Structure formats: C-alpha cells, structure tokens
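Trainee: For 21-42, 187-210, 236-260, 266-288, 300-319, 358-376, the entry in TrEMBL reads transmembrane segment. Here TrEMBL flags 134-379 as domain 'ABC transmembrane type-2'.
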Amino acid sequence: MFKQIAYVWKREWRYIFRNRRLLGILLGVPLLYCTLFGILYYENTVNQIPLGVLDLDNSSLSRAVIRAFQDSDRFRHVMSFTDQKELEQAMHEGKIMVALFIPPNFSKEVKTGKGSKVTLITNGTNLIIANTSLTAASEIVQTLSGATLVRYLEKGGMLPEMALRLAQPISFQVRVWYNPTLNYSNFLLLGLIATITQQVALLYVAIAIVREKELGTLAELKAHCSSVFAITLGKILPYFVFNLVTLNLLFAEAVFLFRIPFRGSYPLLLLLTACFLACILSFGVMVSALCRNELEATQIAMLFAVPSFLFSGFTWPFMAMPLPAKILGHLMPLTYYAENVRKIFLMNAGLTDIAKDLGILTLMTLFCFGTALVVVKRKYFGAETEDTLEM
C-alpha cells in the first residue's frame, strides 16, 4: 500500500514540475491575489472622507469645531452649505459621505452653561465609511468638549449644577441616512448577488465559442449561420435572458425574504442590469474567442471574476485605495454596477445619478463585443468566408 502511495506521489510531483501551466497556477495565482489584496488594503484605514458643513451659528466656537474636523486626517472638507436642502442634495449625489451640522445659538448655549449639540450625518450605505466617521467624529467632539470645559473651569466661581452641565458642554448626536440601523445585509447582500451572477455568467459564456471547436461542431454552426455577428450575438442572448431572470429572482428574494428596502425605480434597475449583463457577457465571449480551449477560457474568466468584488469599491471605498488599485477597479464592469444597485435600492438614485456609469458600461460592452466579432471572424472563419460584420 505504502509503495503504491509513494509511486503515485512521485508520479504526481513529476507531472506538476513538467507542466509549466499547472506550476504557474499553483504558484502564481496565490501570489498574484495576495499581492493584489495587499495593494488594495495598503492604506490600512479610510481617510479623507468627503465632508460637508452646515454652520447655522457662524461663531468663533463653531469655526473652531469645523477646524478640528478639517485638521483630522479622517475627513476632507469639500463643501459648505447655507441650508439643509443643499446638504441633502449633495449627500444624495454622492458629493459628500458625511455632513456636520452646527445649530443656531450653538456658541451662546455653550457659554451660558446650557450645553449644545453638533450633529453628524453619515451615509449608512457603506458601513466602513459610516463606522469610521462616527468613531473619528466622537473623538474630535470629546477632545473639543474637554478643551472647552478647561477654559470655563479656569474662570472659576461657577455653581455645581453648571459645572455638571459643563462636564460635557459640547455633545454629539448622530443621524444615519439610507441605512439608519447600519444593517449589514443592506450593506453587503446586493453586491454579493451581483458578484455571484457575474461569476456564473462568465463561467458558462466564456466557453461558448471555444466549445464548438473542441466538440467539432464549428463546421455545422458555420453551415447554418454565415454571419459572424449573428453567431456572436446568438451565443450571448440565451445567457442574457437567463441571467436577467435570475437576477430579478434574487432581488425579489432580497426584498421579500431578507427585508432589504427598495426605494428606487424598477425600470432603472432593469436598464442598469441589462447594461451590466451585456458588458459581462460580451467580455466572456471575447475571452472565449481568444482562448485555445475550455480550460484556458475558464481560468481566465475566474482570474478576472474573483478579485472584482473587492476592487469594485463596494465594500472597501476607492478613497482608501492606492492608485494602482483604483486603476484596476475602474477597469471592472462590476464597479459600475454593484454600487449603483445599492444606490437605487437604498437611496432612490435616479437616471441622472447613474448616467455616467451607464455610459461607461455601454462603452465597455461595445469594445468587448467588437473585439469578439473581430477575433471570431479572423480565428474561426479566416479566409474561408467573405462575410462582413453585418448588422
């Protein structure tokens, strides 16, 4: 028995070291993913969160509060507002992720010993940003409050009740928009649905063209269909319809079973989903046309699909990524889909809010589909046919 095991052991090791592709996968893929994920989380923390300020007090003390937030590495003061409507619009459009609200008479109430509150409003759709903002803001306010207390105690002669109120002269309250309970399912599940669908779609469409070659059915296909465009589109459409239905079922499950709120437009969600599926499936057919066999096509498809969720900015925000990770993330279709699905569900995002990403998905689709047409024509039709890429 042991001799047989030893024989198989040695035989398998010889195969591994003789097969350069297998050796490359065993050594190279883990190293590649480890390097990519290390780059992704290189910054370690989320800094420079876009901050908007609504200061209705406009006093030296309120400006001191604002300066304290500006001096923090966690926040980047990008906008100031004159009323709450402007603040709400900026938050909805994604121009800010956090807002600081200072009420009228803030300085007066602190100076008279009544105490006052500053309010931090955060976008709860991304829990990493929300939790980082709340922790950093709490530390800033506590530090400011302690400094204010010291100044008042230095004056001396105050009543015990007033001293007690001054123990926390500046207090802190939180408003979380769009995901007020910081529900983890609201934060994560929609992105996982998009990722799972992408992987399943890529896995099967990536072998759609090369499978015909391996099965020896390419000649039959060409005999029945002489149009490169028709063959390529015909390969995509069944998977498009199937995955569109699947995604709708998964979204329905998320809403009715897992109670994820849907506040947006269903037709807009369908439009975004159609653009995403067209892009992913066009990429898959392009991979299938470029590869020599099913195994190679599957490997490339999975190599692309596995890191796309982490690099999409859905969980770990782009603002916390180094430049190479940002560039890689912006090359992935999931980046322009998953976050917008969450915005439609939780923030009631409209067409104007996602129009740019829809345009990028459309351009990606045209590039991948066009490349697939060219490769299929040259590789599988060659000089045998004079067919044009007829529409």
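Note that Cβ sites are derived from N, Cα and C of the backbone, with glycine treated the same way.
Caution: TrEMBL annotation is automatic and unverified by curators.
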Trainee: Apart from its near flanks, which chain residues at least 6 from the ends of the transmembrane segment (21-42) lie with a Cβ under 8 angstroms of it?
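Mentor: Result: 15, 299, 303, 306-307, 310-311, 316, 321-322, 324-325, 328.
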Trainee: For the transmembrane segment (266-288), give me same-chain residues lying six or more residues beyond its boundaries with a C-beta closer than 8 angstroms to one of its C-beta atoms, as numbers and ranges.
Mentor: 194, 197-198, 201-202, 204-211, 232, 235-236, 239-240, 243-244, 247, 251, 297, 300-301, 304, 333-334, 336-337, 340-341, 344-345, 349-351, 354, 357-358, 361-362, 364-365, 368-369, 371-372, 375
Trainee: Any chance you could find the range in 187-210, 236-260, 358-376 with the most Cβ pairs under 8 Å to the transmembrane segment (300-319)?
Mentor: 187-210
Trainee: Checking distant contacts: for the transmembrane segment (236-260), what same-chain residues at least six beyond its ends satisfy Cβ-Cβ under 8 A?
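Mentor: Apart from its flanks, the transmembrane segment (236-260) reaches 185-186, 189-190, 193-194, 196-197, 200-201, 204-205, 208, 269-270, 273-274, 277-278, 281-282, 284-285, 345, 369.
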Trainee: Which residues, given as numbers and ranges, are at least 6 beyond the ends of the transmembrane segment (358-376) yet have a Cβ under 8 Å from it?
Mentor: 209, 228-229, 231-232, 236, 271-272, 275-276, 278-279, 282-283, 285-286, 288-290, 333, 336-337, 389
